[in-house]
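TrEMBL has this to say about the protein:
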type	residues	note
ACT_SITE	Lys79	active site, proton donor/acceptor
BINDING	Gly179, Thr180, Gly181, Asn182, Val183, Gly184	NAD(+) binding site
Amino acid sequence: MVVRLARLAPPLECVRLYDLEAGLDGFIAIHSTALGPGAGGCRLWSYPDMKQALGDAVRLAEGMSYKNALAGLPLGGAKAVLRKPEGEFDRVALFRAFGRAVENLGGLYVTAEDVGTSVEDMQEVASVSRHVAGLPAVAGRAGGDPSPWTAKGVFESMQVAAEFALARDLAGLTVAVQGTGNVGADLCRRLAEAGARLVIADVNPARRDRLRAVHGAEVVDVSEIASVDADIFAPCALGGALDRETVGKLKARLVCGAANNQLATPDVAALLMERGIAYAPDYVVNAGGIINVSAEYLGEDEEDVKFRVAEIAPRVGALLERAAREGRSPALVADEMAEEVIAGAQREAA
Ligand code: NAD
């Protein structure tokens, strides 16, 4: 069975970023501004060519439209993707040049951290543009690294999804975590505290080995993490973790993780269903980070963030129940719900 996930129109705008001197080379893709400024992080990665960087920017921007809509945020979807310069490079110059490009868009795009970028990088952006979040928190206000909020939302979603799919709490379950970076590491900490057993993999040995020492996690090779004997698979690295081959090898009965765009192709959602593997849609469970970013940009306080992040897990539970009731993929149901929100805003604006 092949399920086609409905898709919105192509990106509203795609901006090419190029400043040879500063080492800036990439794109800002703005997919939708129906609900508010296009918001989504800035990724710095070693893309082999421009085509792959552009493809990633467009897919990630689209994902942000859906994520922001379903999280109830007054934000559209966008993303910046920068090619990491080879060898040594001047980070300050690069992120100031990026910041100037963000400022030139006059608030159409709001940036923050993503894979490969840090709070320090966003501070450089903030020196030239006000359309940035993920800056150090000011007392009483929302702000700072969004990763712990993302991890909290993923962890709580996993609790609800495990109850739904496995009729168990997390104590004693084995969770295979792919990618132990900012979000993955915090998720591991929460899982260890909840009594889960951890199996982890990361392409960066230093990142995974510190977790082995702290939580007694079992370390496996990155090529094995998806097929280890585990109850839950948590993709927390890059996108495309679930392709047909990987899903064919999964032993876990539930997939719930932080990575964006986990399904390599839309038909993988149907394959998961066929194999009886529950799937907590990526952009629903990982909304904690953008909730924090949004609150910071809008000048809200931490209580607003807590309130909205606490809504993620019940939303995931309701989504899984509705999908099961209707015999459809949770990914498809989530997309439809997000599209309804965006279409409603478009109707109101017309
Ligand atoms: P990060 O860069 O801190 O961590 C990613 C980790 O994955 C790194 O340690 C990297 O070495 C590792 N990795 C890369 N390829 C791998 C592979 N093939 N196998 C195993 N490990 C691999 O990034 P992060 O902020 O922790 O984000 C993780 C994922 O969650 C990303 O997909 C990101 O888009 C998504 N996400 C993050 C946030 C956030 O608040 N940081 C919010 C929403 C979604």
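Going from the start of the chain as shown, residues are counted 1 onward.
Just so you know, glycine gets a Cβ as well, placed from its N, Cα and C.
Positions of TrEMBL features highlighted on the structure.
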residue : record                             : Cβ neighbours (10 Å)
Lys79   : active site, proton donor/acceptor : 30
Gly179  : NAD(+) binding site                : 28
Thr180  : NAD(+) binding site                : 27
Gly181  : NAD(+) binding site                : 19
Asn182  : NAD(+) binding site                : 21
Val183  : NAD(+) binding site                : 29
Gly184  : NAD(+) binding site                : 28
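With respect to their backbone Cα atoms, Asn182 (NAD(+) binding site) and the residue listed as 'active site, proton donor/acceptor' stand 19 Å from each other. Secondary structure at Asn182 (NAD(+) binding site), as computed by DSSP, is helix. For the NAD(+) site, the Cβ centre of Gly179, Thr180, Gly181, Asn182, Val183, Gly184 serves as reference, and the other residues of the chain with Cβ at most 8 Å from it are Ser147, Val177, Ala185, Asp186, Leu187, Asp202, Arg207, Cys236, Ala237, Ala258. Rounded to a whole value, the Cα-Cα separation of Gly179 (NAD(+) binding site) and Lys79 (active site, proton donor/acceptor) is 21 Å. DSSP classifies Lys79 (active site, proton donor/acceptor) as strand under the three-state reduction. Distance from the CA of the residue listed as 'active site, proton donor/acceptor' to the CA of Gly184 (NAD(+) binding site) is 21 Å.
Cα-Cα distance from Gly181 (NAD(+) binding site) to the residue listed as 'active site, proton donor/acceptor': 20 Å (rounded to the nearest whole number).
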